[in-house]
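J.: The domain 'G-protein coupled receptors family 1 profile' annotation in TrEMBL covers 42-291. If you look up TrEMBL, you'll see 26-49, 61-79, 99-121, 142-159, 206-227 marked as transmembrane segment.
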Amino acid sequence: MMLRLNQTEVTEFVLEGFSEHPDLRLFLIGCFLTLYIMALMGNILIIALVTSSTGLHNPMYFFLCNLATTDILCTSSVIPKALVGLVSEENTISFKECMSQLFFLAWSASSELLLLTVMAYDRYVAICCPLHYSSRMSPQMCGALAMGVWSISAVNASVHTGLMTRLSFCGPKVITHFFCEIPPLLLLSCSPTYVNTIMTLLGDSFFGGVNFVLTLLSYGCIIASILRMRSAEGKRKAFSTCSSHLIVVSVYYSSVFCAYVSPASSYSPERSKVTSVLYSIVSPTLNPLIYTLRNKDVKLALGRILASFSH
């Protein structure tokens with residue numbers, strides 16, 4: 001008890017950001033600002049296109065709309081604070097702000113992983129069971145899946161944030177990252193982090209491992225089904241409907257695995273910052289580009305909206 005009284009609780013943290021590379025400051029400000037504007041505009045455009053175009057009112061685009069929402073949530077919880085840190089001399093963040101950032105980032109990241117699995121299942125039903133597609137992916141089923149994704153992810157984020165608020169932080173207070181994330185925060189705690197570590201491993205196993213296996217299984221069945229098709233046109237059409245999603249899955253999972261699939265003892269701040277830029281900034285910027293540039297329906301909807309504005 002006396003030891004606890006002598007400890008001063010940390011009320012704010014300092015985000016280290018990229019302060020060890022002052023020569024890259026202007027370059028990073030330009031990059032982050034450009035990517036943030038592109039991510040916001042691209043994902044808002046996707047949502048606007050899907051909601052306003054009746055031709056895009058189907059399960060695939062409904063889930064794409066949800067994916068665009070998670071991307072906006074993810075980038076908005078990270079980039080503005082990172083830009084403040086690059087512009088100012090010292091980037092402080094209060095304990096409450098830090099926990100809020102942790103919650104929204106965990107919520108958006110786990111939602112994205114679940115959504116990618118749901119989108120893979122949607123493509124599996126469309127290509128492998130086309131006769132049952134309308135019944136299996138009914139509007140009620142799509143709504144239930146989306147609610148499930150957001151609810152499960154919110155519970156996951158609440159558990160991690162709640163466990164983090166129970167820890168004591170009594171200095172040092174420098175987070176070796178450009179946002180509040182679980183591994184660097186656990187390193188700063190002066191109370192036992194055993195429960196947090198176990199729950200983080202369980203969360204990573206489910207959201208990273210199980211979802212990855214389910215996505216691979218869906219695509220294994222899809223590829224096998226495409227190869228069994230007799231017509232070359234059928235093969236081309238089937239592959240084109242899921243190629244965009246496959247690229248997005250590859251980009252996101254590769255960056256997430258680089259960031260998290262390593263023991264806590266080998267945590268590297270430098271590597272973590274680079275991989276975090278990939279999944280929290282680059283991936284949300286690329287997703288709208290991949291879906292609009294590689295998707296005929298989205299390009300047609302965009303063309304119709306641009307034509308209506310020109311008249």
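Note that Cβ sites are derived from N, Cα and C of the backbone, with glycine treated the same way.
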J.: I need to check the long-range neighbours of the transmembrane segment (26-49): which residues 6 or more away from its ends have a CB within less than 8 Å of a CB in the stretch?
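T.: Sequence-remote neighbours of the transmembrane segment (26-49) are 18, 56, 64-65, 68-69, 71-72, 75-76, 79-80, 82-83, 86-87, 281-282, 284-285, 287-289, 291-292, 298, 301-302, 305.
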J.: Sort out the residues at least 6 away from either end of the transmembrane segment (99-121), same chain, that have Cβ-Cβ distances under 8 Å to it, and list them.
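T.: Distant contacts of the transmembrane segment (99-121): 60, 63-64, 66-67, 70-71, 73-74, 77-78, 81, 93, 145-146, 148-150, 152-154, 156-158, 160-161, 164-165, 179-182, 185, 203, 207-208, 211, 214-215, 218-219, 245, 248-249, 252-253, 256, 279-280.
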J.: If you average pLDDT over the domain 'G-protein coupled receptors family 1 profile' (42-291), what do you get?
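T.: In the predicted model, the domain 'G-protein coupled receptors family 1 profile' (42-291) has a mean pLDDT of 88.
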